[in-house]
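Feature annotations, courtesy of Swiss-Prot:
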{"type": "TRANSIT", "residues": "1-60", "note": "transit peptide"}
{"type": "BINDING", "residues": "S83, Y178", "note": "glutathione binding site"}
{"type": "BINDING", "residues": "S83, G84, E103, T120, C121, K129, G194, D382, T390, H515", "note": "FAD binding site"}
{"type": "DISULFID", "residues": "C121-C126", "note": "disulfide bond"}
{"type": "BINDING", "residues": "G254, I257, E260, R277, R283, G341, A420", "note": "NADP(+) binding site"}
{"type": "ACT_SITE", "residues": "H515", "note": "active site, proton acceptor"}
{"type": "REGION", "residues": "527-552", "note": "region 'Disordered'"}
Amino acid sequence: MNQAMATPLSLSCCSPTLTRSTLFFTKTFPFSRSFSTPLPLSTKTLISLSPPHRTFAVRAESQNGADPARQYDFDLFTIGAGSGGVRASRFASNFGASSAVCELPFSTISSDTTGGVGGTCVIRGCVPKKLLVYASKFSHEFEESNGFGWRYDSEPKHDWSSLIANKNAELQRLTGIYKNTLKNAGVKLIEGRGKIVDAHTVDVDGKLYSAKHILVSVGGRPFIPDIPGKEYAIDSDAALDLPSKPQKIAIVGGGYIALEFAGIFNGLKSEVHVFIRQKKVLRGFDEEIRDFVAENMALRGIEFHTEESPVAITKAADGSLSLKTNKGTEEGFSHIMFATGRSPNTKDLGLESVGVKVAKDGSIEVDEYSQTSVPSIWAIGDATNRVNLTPVALMEGVALAKTLFQNEPTKPDYRAIPSAVFSQPPIGGVGLTEEQAAEQYGDIDVFTANFRPMKATLSGLPDRVFMKLIVSAETNVVLGLHMCGEDAAEIAQGFAVGIKAGLTKADFDATVGIHPTAAEEFVTMRTPTRKVRKNQASQGKSDSKAKAVAGS
């Protein structure tokens, strides 16, 4: 592996992939038990085994290192007004605590001196990215409409500057809503960079604030490997706010950020090349989903360069960029974007100087209650590199507020967290992949459907949908649900309730479908595509035969 391309484990809070290898199990058991030992499966409970965290001596229900006789400026002082920080501060205030949060001045591109209330998700992550996804999908819909009788006198044109201006206006509106939410909850918002001075003191641009508890919720930042010419590259922050649309763009990375931006720029009619170090995209996702999404993105004109690592970037006299890899050089790019992971934004916060334990990747070590090695200091969200998704940070924030100010020690619940990739076609899923399920439980039944959606029968486009259920052969509990195709995220969100509740395949079979929809396929798949057994070869095919008739 090219050492320059070593990617941090941390992902965005918007990330759909559970960090490291969060696995789903069905019975509480000691961490000392071998991970390879199959576990008995309850029909009603799915719990997750998150990456092991340090267990500290001081528990959540104690005074947590606070001096009961001391007077503090605030009960809770939060560094970072992103999704998790705002949620924790607001709930703390609702529970009767005095609360303050500090945040850097607003900017669409983050830096050591800029940030903004709302954090990555609102300003340079989930929200603006989804708006650009919407914008890019219209070109495909224009193509689809021809088969339904629509005709256009001229080719529709896209105005990039209008999109970015409208997007930025929406971000300002949302940031204002976040500020008002804090104000209405009685949370004091302080603009500036926070740094921890001691276990109960935060310095914000030279002014000191004392707090009974300090919460670190600073999120993460994009990571670009240190290669010659890296100054010519852009990251995901910049890609959301470019002054002009790329004509030809290289996207380095095979994760969800890379695929989402590949779909965005492809839909906006840029020439898109994706360079990945491995043979496949989306490491950690279900293998069939990985294959299906790459194949369908390629059909839309995206060119994948597999097993290629960047070596250098050069700039020609005409301003065009060239990307040199271990296999050769591709020239003529207007932009080169790196989507090679994110790192916890914990540098220069004063953590180590006050005794907070920080991992090699910069993530803050916490226990099950989000408490650090310093009893009065806590951390949530991407800064801890647990499960880096916005809804998870929100959950962690509420759990923390309950633990500290509601006399209700609460651990975040990482069971059956659904996730999505807003690629084109999009991906949605919840629970175990087939590979994880086979490793943990041995005997599983796999149900798949690969079909042409109804809309494609008239559009004439090569769009397809892939859907998959993974079921325990022993108990009939549905362990995982995965989909790639239109509305996958929306469909997966609904089924996530059932997966977390521990529903069985029989429960799915007993549910009446809504016709005609793609979602009904999840409750009409009756025959396993294959049966995977621990002590014998798999029975069946690696993929289902394509169904030529939509709605079947």
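Counting starts with 1 at the first residue shown.
Yeah, the Cβs are placed from backbone N, Cα and C, and that goes for glycine too.
The structure, with features from Swiss-Prot marked on it.
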residue : record                       : DSSP class
E103    : FAD binding site             : strand
C121    : FAD binding site             : helix
C126    : disulfide bond               : helix
Y178    : glutathione binding site     : helix
G194    : FAD binding site             : strand
E260    : NADP(+) binding site         : helix
R277    : NADP(+) binding site         : coil
G341    : NADP(+) binding site         : coil
A420    : NADP(+) binding site         : strand
H515    : active site, proton acceptor : coil
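In sequence order, A81, V86, V117, G118, V122 are the residues of the chain that are 6 or more apart from Y178 (glutathione binding site) and have a CB within less than 8 Å of its CB. The recorded positions S83, E103, C121, G194, T390, H515 include none with a CA atom within 10 A of the CA of I257 (NADP(+) binding site). Taking every pair among G254, I257, E260, R277, R283, G341, A420, the residues recorded as binding NADP(+), the greatest CA to CA distance is 22 Å. DSSP assigns S83 (glutathione binding site) to a helix. Proximity to S83 (glutathione binding site), judged by a C-alpha distance within 10 Å, picks out C121, T390 from the recorded positions C121, G254, T390, A420, H515. Here the candidates are the binding-site residues E103, G194, G254, R283, T390, and by Cα distance the one nearest C126 (disulfide bond) turns out to be T390. Using a 10 Å Cβ-Cβ cutoff, C126 (disulfide bond) registers 21 neighbours. Within 10 Å of its Cβ, the residue among the binding-site residues C121, I257, A420 with the fewest other Cβ atoms is A420. Separating the Cα atoms of T390 (FAD binding site) and A420 (NADP(+) binding site) is a whole-number distance of 12 Å. When the recorded positions E103, C121, G194, H515 are ranked by how far their Cα is from the Cα of G341 (NADP(+) binding site), C121 comes first. In the three-state DSSP assignment, the secondary structure recorded for T390 (FAD binding site) is helix.
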